[in-house]
Each structure stands twice: as structure tokens, then as C-alpha cells.
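According to TrEMBL, the protein has these features:
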DOMAIN    I:82-154  domain 'Cyanate lyase C-terminal'
ACT_SITE  I:95  active site
ACT_SITE  I:98  active site
ACT_SITE  I:121  active site
């Protein structure tokens, strides 16, 4: 019976290998984004398994991170969205969830007043993270930018 | 046996009454924020039960919304954070949760690289929502702005 | 202390009242759709609390169903999407969920092959239900029609 | 003690191997369906582990996809329905679930009015997926076609 | 503002009223089945809210049980299947669930061997319960009788 | 450090090996039951890991199925009841659960009327599955036969 | 429309009334057991809604506790087993659950060794609670006494 | 890179090895208890991973059970309490949980009456299991013996 | 049929009334503790429903808080421990749970090293909360003080 | 195809190796803390995977514990907070959770009275564990010390 040619790594294992390589090489997320001409945020998400990467993008990132060929190949697999590398009990991620719990109804009401019946797209969507210097302690500004999608009626 | 003087309304019921009064009076969230000198977003969250309101703030908002005295009194109760008026299966709120699921690890990694070991505060925190005109369909920009808090070591 | 003017009914109670009125009056969902110039499916969903209704639409439907004024007013409240009148253990609804469990990956793969990385919108979306006569037993054809939304890259 | 002759792969692993082979060979789901004289949708579902495949069907599909003999053998195992390759937090699959949450009661009521007390079969059932060209963005039409099954009384 | 004419009782409340009336009148489930020409089992299930009852059936059962008019009317509402009057932690119901847990795979395998790929219908289905005298303690025989439904291929 | 002599297979793995061997050898469940003088149903359940098998029974079944010695030894381990080989989202097993959800209260009430306060044993219990020919489509009759156990009072 | 004669109290409400009456009258559980000729433990469980009470038993207990007629009537309703008056997060009840978690496998193994394949009946079952004086602090001895039920084979 | 010297087995694997060795050697739990001068019940629980064992105890038990050195070493690891070798859906363990559900409130009330505000310790606790001969079928007596701990006030 | 004399309020409702009265009267938790000669922390917990209060304690606290007689009576009911007035998604309470998640294993290991096999009692337990002035922002010190309870062996 | 250079151990496996090495070497948590100039509590938490360790800290601790190089390297990976080595059903950890359930509302109210609207930081936080000698049995004092963070308003 022959040996089955299964892909040697999946996207989650590739993300773990990327984190290890990033520590080893000292390259920064912003450098990786520039290498493929994409934003830092999108590139980070893609390397963590949340977006697809083309063969060219994977090869370029593989060179920058000195990744093994098997990891580069795994980076071209379909993304595994929704289940994150970070656990929901991870303290930083939990606080983002708390923001949704505390301010979800506020965002809902403000969108309903301003735009009408619809949602903020999580697909036609951009995320940006910036450091905001502050004498009382620097701050993190996370910008969620999504297209308003009105409910179709028919 | 005497009748117990329980408070006539809780914060959730007050939030429901606020939404009904807002529809009846046609006042906007931004107007309510201006009336008490606070941002639109904080004021909306407070009226929906997520933040405390002083007696003065509640009275001013009560006048603007033509609220009954019982509702005004209920608005001064402690907030009931964490459980939102909106359900987590509500489509707009779900998409915010999906953003946390898809981008939580990305935000975690970018913060770890830029700031080190710590979290984004959901307490020393501001939220802003803006309409971004776009010829392909206007967009919603939600800005999360929280202080970076480094883990204490001892 | 004055009595708080809470809205007398919410959207779920209005949906229950609509079902009772529909049985009493014998009017059909298609008739109700025609009365407001909308499809049968959208109108049914709206009356069951899943879509907003304007004051005019609610008034027209209220006349057709001989609804009480309090129910008509409740029909103009914001929709309460996501939590259905039917329970998920309801046998017909469960089988729809089973279809998603069994065929979800198939739909995902076929969309990925044909359209690329993205989703089927549940917002820019139409639903149609038809009876398909069949000598071996009539069939139900449910058509889900949603816009393909490609993932934005940035 | 002898080595136990366990089957080398299960249906889920076979599905993973099929996806890898499909990427490698560039063959399309529709071609695979034609190769065994079945619809694209049924064939995709079967290769993803949701339907049984005969020895002949597995052999034909194995040739088209250049599958290893161990994968071909695994494709003839009983299906593993209900637990999908895709996770329920996968964004495309979640939107299908949201459709069931939002429109489940609507479908239930329309079936009850038109057919009486019963369900839509998920067994005597066909699924079809089509691309619908649209100048405002192409659309996906998913057709669910199930036999109406009336409740037996006795 | 007029009073909303909501139905005074739902099917679950009607079931509770039926149980109280059955205790008061001493009538047996078998008598109630005979009164409407249906089996004991179907009639019990219908009175407990699991099947629809026509106006005539409800009136006949109402007479036999000396039910109030409001209860009779509630019995004609659509059934509320899936959520039982009994809790799943109720010891008798729990043991039925245990039977499914212990013997579910056995039934699945035996059906697959004998009938092929398909399911036992829970819709085209009859239930019968009999007392089986036994010197070592009488037994309960519950017969589940459902049509085999083969999976459609297309 | 010596190698720990752990048992090479557990009951679940043995069940998987049995299913593979049954397919390979073409032997039927009924034949296996006859080989050890037990019913088809009990034997199937035992081979699927739900009942204990003696050394003799395991050896006889091992010969009939041409099982490896390691599998035969694993068949003599204690049963792993309650967690089935089949998942609860498996469509056939789900429909059995639906029967418990829909008819659980009916069975409870009929037992209470006929026998008094007690339960149907799932231990002093037999299961039988038969094919019932029917011109409109053959049916499956599953007979649950359990001793009535009255609650002890003290 | 006439008023529906629903039973004024259910078993849980009756249990609450019993606890209040017990505090008011100062009667002890043991006294109540003696009044109906049953053990303290069974009587307590029955008054808390876990066992049925005859009309005579309920009347006797009602006299001892000076219960209102509506409570006495409610005590004759069928028991509501499985869902306790006490919550599972109640500290005393949690420790009983912990005992099952920590010692469940031990009890299972000891029964399997001594009795063979079977269970300890929770139906043909008695519970006894005693105070055990101890100079280091008195102890509680809870005795569970259930019939061994061997698995039937067939 | 050197090989990490991880412990070859954990307590759960050791428990599995103990069960296999016990079957092979035919030694009884009572013999094992006597070998280390502890009760049968405590010894069984300890060997199943619920209590710590000293090096001496592990060595003595290892000899009696002819255990491999790796298993003996694993037996000296800290206990893994709370998660049992037996699953909670295991029928015998489930019935113990049912006893807590049905009689938890009874035990709570009887302790509150007899001892006051406090709990039964699950730490200063002993368990004993005995066979009780009975002409109608032998019974199992499980004695739970825990110190009463009064709530501290301060 | 007479009216059932149910207690007018339960412990949770009493806690809500206490919070309203505390706001109205401006009395502090420390004052209430002094009034009954108990610590601030125990008294707060007791008034929030987590500990029993004697008739005298309830009367004294009722005078201080100007409580209605019905609330005072409710305060003497048994405590309802385990389910808190605060929700677990409440941000302050959640952070306490996070402390248990992050430091639970640390506390476990340190206790095991220092004391041996056992637990920290949550019954023979005191809680103290203090304000710790700090130039960088005042701090909260919560002291958990519980008796070490060694596991009994037998 | 080359072999992927995945990190040989993760933080949880490193924690397990640390516990084994600690038993082997007999070193105490306090010694380990002193070796890197940190508190016993922080060092224990860090070695159990809850805090980051620098290369120097990991090397020093590796020497003290005679750890393999692969374990030392794994100790420098990012922490895996939130999911503990100890299970939540572990008896000692459960009692800490019970403390949060029973006293969470008390801590919340006392903080609200003393500090106003805000939380106790779990990030700017210290934990200390001490043995408190007591003639009635030594006690454990766990001190939680977190900065009060007031809610920002804007």
C-alpha cells in the first residue's frame, strides 16, 4: 500500500512556524507587509492564517522569513478564518470581546440612526492599528472600517 | 403587611423607554450628547444602560426626551454592563464578534511587537463612530482607542 | 409617581398577535404581500419580526389583518433578528440547519472555485419559496439569492 | 503481537487529500461530477465526505484527481454527515446559519399555509448552486429542493 | 389605547390545563383517543402540544375533559414540537435519551446494512406503547415505526 | 527505561476495525449474532463497544471477521457506553433524538397512567429492529422493551 | 370568554411555601416523616417536589405545616424530578457533584469487580442522612442504597 | 538539539495501564488496598489517578500488579482530580449524578436543619462501598462520610 | 379557594431593595457592619444574599436602611449562594475570574509545595478589601484568607 | 521535501517538563524566584506558562532546574494565558471560582462605594500567597493587589 501524499502542514501550523521564524529573523510585520506591497495589518492576518496568499506572496514572505519550503507551501492553502490562534480567554482578546458586549448596542443604534436598516461589512472591511503617544501612557487606536450594507427588500 | 417600595424600573427597562421616547420626540443621539456636554457615543452607551449617569445628567436627558420621572430615576441606577440590549445573534453585532474572531490574533501580535507584553484597556477607552462617504457605498469607521497597559512584574 | 409610558407590545408579541389574526381573518401571506407591494416572503418575515415596517406598511397590514392599534404600533418597532419565533428544536427548522451542516462545506468550496475568496451576503439577499408539483409527492423549492461579496484586501 | 490492519485514512482525511489533489491537478468540481455522471453539487458533497461513493465512483474520481490508492479506498467508507470540514465560525457558513435564524420561521409559516403540517425533507433533497450575473455585482443562487413530508397521523 | 386581543393561552398552558382536567375527571388517554377516532399515543401527544388538533377534535376532547372554552381554543393553535413538557433531566425521559446514546450506532449500522444509505423518518412515523406482562415484573414495549427514507442522489 | 506495555487498541478503535473487517469479509450482523448465540442487535452493540464480550465470544467473532489478535483482545475490554461511534449530528441518530424530544412527555404520561410512578429500565432492556414491508415504502420498526421499575418509597 | 381554571400553584411553588411554613411553625422534617409513616429523607424529598404525595399524605402534612388548601392541592401534582430547588452552583450541592466527579470511576470499578456489568439503581433506591458525633467536629454520613441491576443480554 | 526528557506517562495513562494489569494479574482492589495498608476505596481512587501515591506505595502496588517501571513512576505524579476516567454519560456514573439532582435539595435542607449554615466536606471525606445481600436482588450501599464545616463569620 | 400566603420577597429582591435603600439613605457598608458588630465585607455579602441573617441582625439593618418590613423579613430567608447579583460578564467580576484562570495553577502549586495535598477552604474563609494609596493611582487589596484543609486518607 | 523546523515544545509542554524537573531536583519555587530576582509567585506563574521569560531568565532557571535546552528555549515563547495547567474542575481551583461567585457582587459594591465606577486591574496586578499559622489549623492568605482603573468618560 503506497504512502498518502498529504500536505505536510496546515495553515495553523504554518502560522506557528511563521511566529518562530519571525522571532529568529527579527523581521517586523511592517517589513513583511512592504515586501508584498500590502498593509501591515492584512499581511499579519494572512500570515496568521486568516487570509489567502498567492504563490508569489508566499514565496516572497518565505524568503523574508527564511521559511522552509513546506511552510511556504502551507501558506498557500485556503484560510482558516474564525478560529483564531489566540484563545478567547486570552486577556487581550477577551477585552476586545468585552468592547463588543458593552458597546455593541451603541454601535447598532448609531448605525441605525445614521444609515438605516443594515450592517457594517466584515468582508468589505479594513483594520488599522496605530500607536497614539500620550504623556499619561501611550494608547492603541484600532480602526474598524467597513462598508455599510443596507438590507435588501424585495 | 406593607407594600415594598421597590424601584419602579431597572436600567434595561429605562433603555427601552429611552428608545421609545427617542422615536416619539425625533431627537438625535448627537443632540443628547450635546445637551450634557459628552460625546454622542458615550451618551448613547449611557442611555442604553452601559455607563452611570448623574442626577443632573439624567434630568437634562429626561427633559430632552420628555421622559417620565420614573425613567429618569432609573437612569441613575448603576450600569448593567456586559449584557447588551442587542442579542449576540443580531446580525450587526455578530459581525463585530466575527471581526474579533478573525483579527484578534493579528491585533494581539501587532500590540506585542509594538508595545510588549500587555493589553488594550477597555476601561481607559473611547469609542468613536463616523460616516465615511465613498462613491462605492458609504462606510462606517469605528475607532477603538484604549490605553496600553503593560503587565506588572513583581 | 407617574406611570411609565412603556410601549404596550414588542415585536415578538406583535408576531404572535399577527398569527392569531391571520387565523381569525383567513387572509393569506401572499395577500398581505400584495397589499404593501412587497413579496410574500419578505412580508411574512417582516410580520414575524425580522424586518422593519414603515408606519404606512404597518397601517395597511393592520387593516388587512384587523389588528388592534397597539399591535400596529408594535409592528413599527425595530426588528428583532436572529432569534426566531420558531425554536431550533422545531423539526422543520432543524432540517434547514442540518442542510447547512451537511452542505455548508460544499457551498463554501463551490463559491471559492467560482467566485474566489468571499461570502454570500445574508443582507443583500432574497428568499423565495415555491411549491413544485411532483407525482411522487410535491416538493418545496427554497431559493437563497445573495450577492457575492469578495474579501477586501488592503 | 501482529500489527492491526486499520484503514489508513478516514473520510475527513480523504476530503483533505481531495482538496490538495484538486489544487494540484487543476480539475474542477463540475468535471468531477461529469466523470461519474452526477451533479456538481452532489459530487462535491460526496468528495467532502457527506455522501457514500461506490468503488467504481471512487476509482473514476481517483483517476481524475490522481489520488493515491489509500485515498481512493477511504472514499468508499461510510459518509460522516453532520460535522462539516468547514467550521461553524467560518464566515461563509455562518451567514447560511444566519439565514436559517432570520428566515426559519418564515419558511415554517409559508410551508404550513401552503402544504399543511409537515417538513421539508433534507434526505429526499437536492441542492443547486448557480452564478447569477448582475451589473451591481454577481450573485449566488442556492436552491434547496426537498420533498414535503406530511406528518403521519394514526 | 385599546386592549390587545392576545390569545389567552398557548399550547403549553393548554397541556398543563389538560393534565389537571384529566386528573379531575378521571378520564383515560385511551378514552380520549377513542373519542376522536385516533390512537391513544397520537392523541396524548396532540393534547401535550406535539400535534395539531382540528376545531372538531378540540371540541370533542374539550367535552370529554370538561375543558374551559379558552383551553379548547388554545388546543387548535399550531403545535410546539421539540420542546417537551417534560424536562430532559426527568429520569424517565433521560433513560430514553440514554437508549439513543447507547444504541444509536447499532440502529444506524443495522439500517445501513439492511436498507442502505438513508434514515428512519420521524415524520412518517408511529409510536405505540404496550404493557407486557412478565412474572419478573411487567415490561413496557415502545414501538417506533418509521418509513425508511433513502438519500436522494442527483 | 523500559517500554510500557499499554493495550494496543481501545474499544472504539476495535469498533472501527470491526466495521472495516465486516466490509472486507462481507459477513452480516445477523451471522455474527448467530455465531455467538446472541441476538443481532445485542451483538452489533457489543461489537460497536457498548457491551462487554467474553474471551470466547471475542475469539469466535474474531474468527468470523478475520480480525487481528490485537483487535480480538481489545474487544474484551470493558464497554465504553454512552458516547457512540455515531455523532449526535448524524442525521439518522438525530431523528431518534427528535423522537425523544417530541414523544418523551407522551411516553412519560402513558407510563404514569398505566404503571404509576417509575421509569422504563435502560438496563433490563432489549432492542429489536425489523424491516416492515410496505407498498408505499418499507418501514423500520424499532422495539424498545424495558422493565418497568417503580420508585421505591421508604 | 370564561376564566381558565389553571391549578393555582405548581410543585416548585408548593416547595417554597412548605419551607416558609416550616420556618413559621417550627416543625421538623423528622416530625413530618412520622406524621405520614415515612422516613425523614423520603418525606423531605417529597415535600421539595421530588416524589408524589397521595391526597391523604398531602392533607396530613398540610395540617402539620398549617398549609393553605391551595398548597395542599399542589402537593398532589406529579413530581418534578431532576431540576432541584437548589442550584448546582450552591456550595453544598456542588461538593456532592465533586464527589461524583472524583469518585465516580472508583465506584464504577468496584461495582464492576464485585457485581459484574450493571448499574446502581437510582429508582429502587434509598437515601439516609445521619449525624456522626466526632470530637474533631461532627460529621455527616449520607448513605446511598440502590439495587444492583445487571445488564440484560439477549 | 537534544531530546527532551518528558515523563513517559501521565496519571490517566497510568490508570489505564493499571486496569490492564489488574485484568492480567487477577488481583483484586481489596488486595491492593491491604498491600499498602489503606482502604479498598481510597486505593482504587488513588490508582485511578484521584489521589497522590508515595514512592513506597507506588512501588508496592507496582509489584502486586507487575507494573512496568514507567507506570510506577507515573503513579507518583500529582493527582488529576475532577476529570474522571469514566465519562459523565457512562450509565452508572450518570445515575450517581441523577441522585445529586433529585436529592441535592433534600440533603441541603436536612443538613441546614441539623447542623446549621455550612457544607459537607469533600476533602475531609471518606467513601465506602458495600454489597448488601437481598433476596430480591443484592444491593450496593455507598456511604459518603464528610465532616460538617460551618460557614465562618467575621 | 383561599389565597396562598407566599413570602412577598426572596433574597435577591431583598438585595435589590437594600441597594435602593442604601442609595436613598446614604448609609455606608461599614456603618451597616458596625451596626451588627460584623465586618464590612461579611455584612455586605449577607445583605446581597450570600449569608444568613438572624432576626435581630435583619431588624437592626432594617432600621439603619429604613427598610420596609417585608424586606426585613426576606433578609432572614436562607442565603442564595453561588448565583451572584452581578453577572459574570460584568467587567469587574470578569477580571476576578481572569485572575483565577491566570493564577489558579500557581496558587495550586504553591499550596501543594507548602502544605501538601489539600485545598483552601471557601467556607472557613474570610475576605477583606482595603484601599492602598499609591501615587501612581490607588490600588485595591483583596485578601482571601482560608483554612488549609488536607485531604483525608483512609 | 525538507523537514519543517517547528519549535520542539510549546509553553504548556515546557510547564510539564518544569514540574517534572522540580520534583527531580527538589528545588523550591522560592529558590527559583530568588535566582532571577523576582517574587516566588510571579516566577511560578511564569514557569507555568502565564508570563513571558527573557532569554536570560530562562537560562538561569534552566540551570537551576537542570532543564534540557529544548525546554529552556520553549520557556522564551509568548505566554499562553487564560487556559491553565489546572482544570476548572480541579477541587482547589474550583473553590477559588466559588469565592468569585459568592463574593463577586460584594467586591463590586465595596469598590463602587469606595472608588467609584471602575475595575480592579488584572494586569497592573500582584499576587501574594502566605502561610498563616493558626492553632486550629494553618491558613492560606492569598492577596490580590490591583490598581483601581476608573472608567474613562469622553
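Including glycine, each Cβ sits where the backbone N, Cα and C put it.
Note that TrEMBL annotation is computational and uncurated.
Annotated features, which come from TrEMBL, shown on the structure.
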residue: I:95; record: active site; Cβ neighbours (10 Å): 24
residue: I:98; record: active site; Cβ neighbours (10 Å): 20
residue: I:121; record: active site; Cβ neighbours (10 Å): 21
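Separating the Cα atoms of residue I:95 (active site) and residue I:121 (active site) is a whole-number distance of 22 Å. Each residue in the domain 'Cyanate lyase C-terminal' (I:82-154) has a pLDDT score, and their mean in this model is 92. Annotation note: residue I:95 (active site) sits in a helical segment as assigned by DSSP.
When the alpha carbons of residue I:98 (active site) and residue I:121 (active site) are compared, the span between them is 20 angstrom. With an 8 Å limit on C-beta distances, the active-site residues from I:95, I:98, I:121 that reach chain A are I:98.
The secondary structure of residue I:121 (active site), as reduced to three states from DSSP, is extended strand. Among the active-site residues I:95, I:98, I:121, the ones with a Cβ under 8 Å from a Cβ of chain H are I:121.
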